[in-house]
Amino acid sequence: MPEYADAKPHYRINDTKNIHLLAERQSSTFDVEDFAQFMFGGSDNPFDINTRRQLSFVEVHLFFEYNLSFCLARLAITHPIHQTHLPFEYLTADEHYSLCIRKSFAAIDAVNRLNITNRKHRGWFYEIFVNYYFSFYIHTSMCIYAIENLASEEQKHTLLPLAESFQIIATYAQTELGHGTDIRRLETEAIFDKTTDSFILNTPTLTATKFWPGSMGKTVNHVLLMAQLYTPDSNHACGVQMFLVQIRDLKTHQPLPGVEVGEISTRFAHIFGDNGYLRLTNVRIPRTQMFMKLAHVDSNGNFTRQGDARLLYGTMVHERLRLINTTLIALIRAMAIAVRYSAVRFQGLNPSGKETRILDYPLQQEKLIPSLSTTYAFLIAFIKLDRYFFQLKTNDDDYFRELPQLHALSCGFKGYTLSISERIAQICRVACGGHGFLVASGLVTSRNGIDGGCSAEGDNVVLLQQTARYLLKRMQQVEENNSGSLHSSVAYLNLPLWLPPTSLKLDDYCRLFESRSQLLVKEMFGKMLESTSSSPYDAFIQNSIELVHMAKAHMETFIIRAFYDQVQNARQHVSIALVLEQLFYVYAIHTLRNTSTDFVRLKLLSADQIYELESRVLPDLYIQLRPNLVTLVDAFDFHDFELDSCLGRYDGQVYEALMERARLNPSNRHKVPPIWTSIKQGTLSKL
């Protein structure tokens, strides 16, 4: 990628046109750019704010055809293709799909012209250019990664150039109509045929139909198919393997013989898709199209396992982290919209006869401030988890040693944070009243995206059960006096219980949550040992509700410890440390009161102590944070193009934007709708 000048914020405070929003920004107790750099700066930060800014407004000399002239073009947000269409909500499903495809290819062309070689940066450019509707997201984020990590060296040499140049465009086809999370029960079959050195692929039952894979309905020409392997014949099952299967002709895009493929029923309007279904009838592929890094089938049909099967977990962790990243971006977009709108919306008269800004109402603060503190807690913890993952990838020994912890944390983090993020997105929608229900608010899109994420890459409660299993195994280590090798995230299981002090300080909250989790894990471990169930499986199922609760408690210890560490890291920046500390207290107390039964039952806190925290301390924290709410969401530094929201505009011109968007509605092209013209003229056909 070419060198660029220092990245600048998308906006400056003097771009604010709404006087009330300007007053909010001027009242801030910290510098927004210093805060943004502290939170999101650095190339190892998954949100790397400076690179994202560069990719949003990159300038480059483009050589025009016939060498007639050079020009400066701003290729992401200011690309002319963005001026060629109505807002997405006014497009038909076909128009929306066609536009996303055109924009996605335009983004690919721009990336090639700019010579952006860093894969992460390319992904960001695609997302920004297409405003998070990149048609080949699964291909670039998941399928290429799978080829790199699950294909043999020979396969990678052939496939990667084709995939990276978008000649092969693939999606991941695992979920079936009748089976999702339990991949051992998948019904799709791949039977080896020695006479032709090929696999014969079938979806032998209705429930074997591949159902839900993104981009499969109309877009991709290949799938990474998860299927039950049978070799050397149909009587010998070898487990689920991954196959690269071409489903469409590369020249015509027509489905190939034996392939039935299409888009599934509409979900949440057409802005999310194109999810598809796939049925295969005697489709043959060469033997070499089974990914063979971890398992191999030779020309005689002999099956052998090779490599380390734990690499499969690494691939799943990678995809889970990318999903969390995408979801958190949707969450912070929703928070930015709700807080900015609440700062410019006035409703209700005060005793002096003036309207009240809704952000000044304690009830609105009760909606938004805990939500904002939780958002920051999730961001901070995710940054820690993401860095941990990429550091481990540099050393195989460390990676495999830490993989059980990494798998448990990624499962728990996805399951825990997405469930809460879904609720926060809905809170943001409701906090914006009727206007928040408009697609033009930008909130509906964010809410629906997070909602879908609760099922993608593993159902939330199923993933939390994975974390619960990990915790029980670690408690067994403690009980067997083998705690020397405990992973860092569960080291608290072997610590003395926390003793309640008179008043709670920052580190007290870390130990408080850790002691609560320790007691819950120990309690459940004992309960499982004493279970009279006929099998460990039955015992786990019977106690699954409490086990999921235990896993959530563990994730809260991880998040709150990460938040605490970030506050400590900010100590040299007094104004930043102060506001982070306030957010920390809000998150800790808000989370505590939502699970207060645990703390009282386990005798860690009294009901009176909890009441004091939620009735006196929390409202005081709201008052302290009130001057900084707008600046805290400004620090996310979303461009208006990325927010795509009339309510969340940086300049505060909310009502002007709403009217402009309403006038663009194609239905307004008729002063009198045609049906009424027919009625008034008496030409309406009678039934």
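The backbone N, Cα and C atoms fix where each Cβ goes, glycine too.
Please treat TrEMBL annotations as automatic predictions, because they have not gone through curation.
The domain 'Acyl-coenzyme A oxidase N-terminal' feature in TrEMBL is assigned to 77-169.
Per TrEMBL, the feature FAD binding site maps to T175, G214. Counting Cβ atoms from all protein chains shown, T175 (FAD binding site) has 20 others lying within 10 Å of its own Cβ.
Here TrEMBL flags 313-472 as domain 'Acyl-CoA oxidase C-alpha1'.
For E457 (active site, proton acceptor), the same-chain residues 6+ apart in sequence whose C-beta sits under 8 angstroms from its C-beta are M316, E319, R320, L323, K414. Residues annotated as active site, proton acceptor in TrEMBL: E457.
Under the heading domain 'Acyl-CoA oxidase C-terminal', TrEMBL lists 506-679.
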Arithmetic mean of per-residue pLDDT over the domain 'Acyl-coenzyme A oxidase N-terminal' (77-169):
90
At a 10 Å cut-off from the C-beta of G214 (FAD binding site), count the other C-beta atoms across all protein chains.
22
